[in-house]
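Asks: Before I ask anything, here is the structure I am working with.
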């Protein structure tokens, strides 16, 4: 017997050790998602990741240059921002498809706060990263649940229109146009006679080329099931050609601009000389001395950044997680939202050491990554390795967004949701952050109204029967109390009532207190208020306040 006991104890100790090791490895894989796929990595995955990474890199370079201009920064900062994300996300990200870097929306948001100052931009990146990392540790992802889909669509549509129209002045070669949207529209049209012919011709030519290639790519979908190998080969060539269309436009425009400069014929607006290579790895500056000798302290920079310290971190994680969830659903895998918070935050923290401005997930580059067949987040390493810098022509892509289509989709699902969409869309042309706040406020008011006015199903079976179609919380109790009083107590003669609570999972103190008063009123009118469908915890709560009612009667 003692030997058996000793053997059992040894087995139990061995089992406990194995469980502890398994738990520790599981926790390690949660913190470092790279451990979930790295042990199974093979040459096939490597080949697909290299292909996807290089393809995304060809897209990231021209986009980074353009987005830096949207943010009001020198173009090299777009490439500084595209560099770090691939390496950090490879280790800490949970989506195989997502690529982190500068985006149109994040660039537009930053432009409102950084005042075209790289010092402000880089410091904002560090602070955003700290805030996002703190949100990951505190598990504050639920805050994003209060930003409804119509608000997101209203903001993104307004941002697309703002960004798209903001590129018109660049195509026309106009300088000194205000950034505020209304003034920008006025001065752009007012100064059309000042447009540079060379910029207009080159810009329109690039737009026409991009639109044609995009249309070709969309028509290729009808050839997916073609049995001809020749057709499939041609389709693959055109598809790859269309995927790197942005890079091709930049290369072609650069060659044209360089050719005119060589023959000393200056007809294009150029970015001019830019910093070569990557900046040194160093912490961001916490203060600044301006050109006129004025010293700007850290506290003054914080005051200038203001609401950007709330808007930009939230919108950064919101955009990236929405993209990760979409592609996770499409490709049959799940993401860890809090781990995504951490990956984005750490990318911004480390990015601030290489002069990056705030980044998030890019829908366009993520789509390219997914369509090219990326197998793991390692594709980001090859994307980051492609980031280089040189002189390029200042040609931008005009984003055309059909807002009517978005409104139509929302209208078909729920007409009232058009209201927060329109509020966000319109107010965002004044200030983007105010548009988001206004949209969230309208959505919150709509949500509160639904909570305070739950649907009630009334029926009469000799007694008034009231069925709650949803939960019961304190904003709704006055409405429910009024309905019960009007249908049971304020009729002649008073009659009993039945409250069906099948759909009620919990109640709060305000509800308890009001129901206690109702029971008292029903008792004074010699009728009853009966509760049905009570669940376990609800029944316990009801017993508690019934006991309180009895004690109050005794007093």
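Glycine residues also receive a Cβ, built from the backbone N, Cα and C atoms like all the rest.
Pasting the relevant annotations from TrEMBL:
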- 50-68: transmembrane segment (TRANSMEM)
- 74-91: transmembrane segment (TRANSMEM)
- 120-138: transmembrane segment (TRANSMEM)
- 150-168: transmembrane segment (TRANSMEM)
- 197-216: transmembrane segment (TRANSMEM)
- 237-259: transmembrane segment (TRANSMEM)
- 340-359: transmembrane segment (TRANSMEM)
- 432-451: transmembrane segment (TRANSMEM)
- 462-555: domain 'STAS' (DOMAIN)
Asks: Is the count of Cβ pairs under 8 Å between the transmembrane segment (74-91) and the transmembrane segment (197-216), pairs 6 or more apart in sequence, 3 or more?
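Replies: Answer no: the transmembrane segment (74-91) and the transmembrane segment (197-216) share fewer than 3 Cβ pairs below 8 Å.
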Asks: In terms of Cβ proximity under 8 Å, which residues at least six beyond the ends of the transmembrane segment (340-359) contact it?
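Replies: Result: 68, 71, 73, 77, 80-85, 88-89, 92-95, 100-103, 106-107, 109-110, 114, 118, 121-126, 128-137, 141, 278-279, 281-284, 312-313, 316-317, 320-321, 324.
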Asks: So what's near the transmembrane segment (432-451) in sequence-distant terms, Cβ-Cβ under 8 Å and 6+ beyond its ends?
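Replies: 108-109, 112, 146-148, 150-151, 154-155, 158-159, 162, 307-308, 311, 315, 416, 419-421, 423-426, 473, 475-476.
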